[in-house]
Amino acid sequence: MKFSYWMSFARKMANLGFYLTALSSTLFIAMTVFFVKDKMGSYKNLLLVLPVIGFFFALFEYLVDPFFHSYNGSFAFFRLSSFENYSEKFNMCALAVYVALYGSTVSVLALQFVYRYCAVFNPRYIRMFFEGPQFIFSIIYIAFFCFLFFINDLIFNQLDEYSTEYLKNDMMESYGVNVTNVAAFVLVAYDESGHIRIKNTVGLLAMSLELNIQYIIIIYCAVVMSSKMQQKLSTLSEKLQKVHKQFYYVLIFQISVPTVALFFPVFVLFFVPFLDIKISFPTGAILSSFALYPAVDLLILIYISSFYNKAMKDFIKLIWRCGKKNDSRIYATPTANSYMNTNLTS
């Protein structure tokens, strides 16, 4: 197995990402629910959705153990291990859920941009689509795109006879696995005659469209807010202006950092097979950094937003006070030796 080192590296990154995300998600939810005293209205619900999805994304990366491999005019996205007591369909669905959770994180960020846009320019839409029971529209939106990512792989990227023959020798040499014995989604760009394989290509274009819809929403809201927000906010109090600007900058960083560092490189890698370059490369070693994405996203929000700066300080103070109380109890509690000494001297 020529890529055994990179397989081990990817597992370690998945483990690190899961632990960091579990810690940051728990911390973020606790601060949002108990320590953020400023009123954020229904936006708090959207803020809580992101760490929940991020946690499950990191959890599935930890459990599913996915890996990405590029070979000539193809790529394979497969499980390095499987739930042996479950069927092949179950393992395939677990891999598809991981892909769906990846797509849903971008959907949540798109919704947050829409919310901030409405808060500045059309507040009545917040009451119509985000407050109270109407928050179900946000859940439906996220679930819809999550389902599209899920079903896309199951329909368009299943192994067939040609893709199995194309990949089996390289997969055995690179990872010591028989591609027919693992849960895998594949794309082979060209058939034996050199023609584009329609089914795989349609699947890739569908996934690209689903991502591009989110980015079109994000870019539109970001551009309009950047050019017109200052004029619109001039009628509000200084405190509200600061709140709107801070959440705007948070969203810009939350989408730009992972886009430049993670999403864009992956988007490029998806289309590399159409260049038909002679390669055999463990792309999963690069994509393993995805496991860190949810934690980084939350840390950006905590670092930039004054709400969460203050909440973090309050949280640390609470931990410090609890620690001091425990210390004082330890020193104040009489020990067995002190009772014995008292009895001896009396």
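Glycine residues also receive a Cβ, built from the backbone N, Cα and C atoms like all the rest.
What TrEMBL says about a protein is an automatic prediction, not a curated fact.
Per TrEMBL, the feature transmembrane segment maps to 16-36 (among others). If one looks beyond the transmembrane segment (16-36) by at least 6 residues along the same chain, the residues whose Cβ comes under 8 Å of a Cβ in the stretch are 44, 47-48, 51-52, 54-55, 57-59, 61-62, 288, 290-295, 298-299, 301-302, 307-308, 310-312, 314-315.
The transmembrane segment annotation in TrEMBL covers 48-69 (among others). Long-range contacts of the transmembrane segment (48-69) within the same chain, counting only residues at least 6 positions beyond its ends with a Cβ under 8 Å from a Cβ of the stretch, are 3, 7, 10-11, 14-15, 17-18, 20-22, 24-25, 28-29, 32-33, 75-81, 94-95, 97-98, 101-102, 104-105, 108-109, 112, 138, 142, 170-171, 174-175, 269, 280-284, 287, 290-291, 293-295, 297-298.
Under the heading transmembrane segment, TrEMBL lists 90-115 (among others).
Taken from TrEMBL, the feature transmembrane segment covers 135-155 (among others). Sequence-distant contacts of the transmembrane segment (135-155) (same chain, at least 6 residues past either end, Cβ-Cβ under 8 Å): 42, 45-46, 49, 53, 77, 92-93, 95-97, 99-104, 107-108, 111, 129, 185, 203, 206-207, 210, 213-214.
The annotation transmembrane segment is assigned in TrEMBL to 202-226 (among others).
Annotation source TrEMBL lists transmembrane segment at 247-272 (among others).
Note on the transmembrane segment (284-304): residues 6-7, 9-10, 13-14, 16-18, 20-21, 23-25, 27-28, 31, 47, 50-51, 53-55, 57-58, 61-62, 66-69, 102, 105, 246, 249-250, 253-254, 257-258, 261-262, 265-266, 269, 312 of its chain, located 6 or more positions outside it, place their CB under 8 angstroms from a CB of the stretch. Annotation comment: TrEMBL describes 284-304 (among others) as transmembrane segment.
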Which residues, given as numbers and ranges, are at least 6 beyond the ends of the transmembrane segment (202-226) yet have a Cβ under 8 Å from it?
103, 106-107, 109-110, 113-114, 116-117, 120-121, 145, 148-149, 152-153, 155-157, 187, 248, 251-252, 255, 259, 263, 267, 270-271
